Amino acid sequence: MTEATLAEWHPLGAIDEFTEDEPAARVAGQKPIAVFRIGDELFAMHDLCSHGHARLSEGYVEDGCVECPLHQGLIDIRTGAPKCAPITEPVRVYPIRIVDGQVEVNVG
């Protein structure tokens, strides 16, 4: 791995900080990130809806989707794909890894 590749991974916090009950808002590489936990898996996506630019970390989570708090459109947490109107454009998702109990995201 090159230094540039290593630099793209940013710390988000300890794995215990992330619960299924509540999405978490973080900033990594000057980008707003929403972190979601589904069971034992963690997912990260850009923390702005592609339709109304609302914070997805403030949305309601159910059945693997987050509901935009502004217009109630649904976005698949795993893929960022829009699931219903008014959202038509996907939201960028980011890879996550866990290193020694710490969650990291690659925003490169």
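Backbone N, Cα and C atoms are what each Cβ position is placed from, and that goes for glycine too.
If you check Swiss-Prot, you get these features:
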type	residues	note
BINDING	Cys49, His51, Cys68, His71	[2Fe-2S] cluster binding site
DOMAIN	9-105	domain 'Rieske'
Assigned conformation of His51 ([2Fe-2S] cluster binding site) - DSSP reduced to three states: coil
Listed in sequence order, residues not in Cys49, His51, Cys68, His71 with Cβ within 8 Å of the centre of the [2Fe-2S] cluster site Cβ atoms: Ser50, Gly52, His53, Ala54, Leu70, Gln72, Gly73, Pro86, Ile87
Average pLDDT across the domain 'Rieske' (9-105), rounded to a whole number: 96
Protein Cβ atoms within 10 Å of Cys68 ([2Fe-2S] cluster binding site), excluding its own: 25
Cβ-Cβ neighbours of Cys49 ([2Fe-2S] cluster binding site) (radius 10 Å): 25
Per DSSP, three-state class assigned to Cys68 ([2Fe-2S] cluster binding site): coil
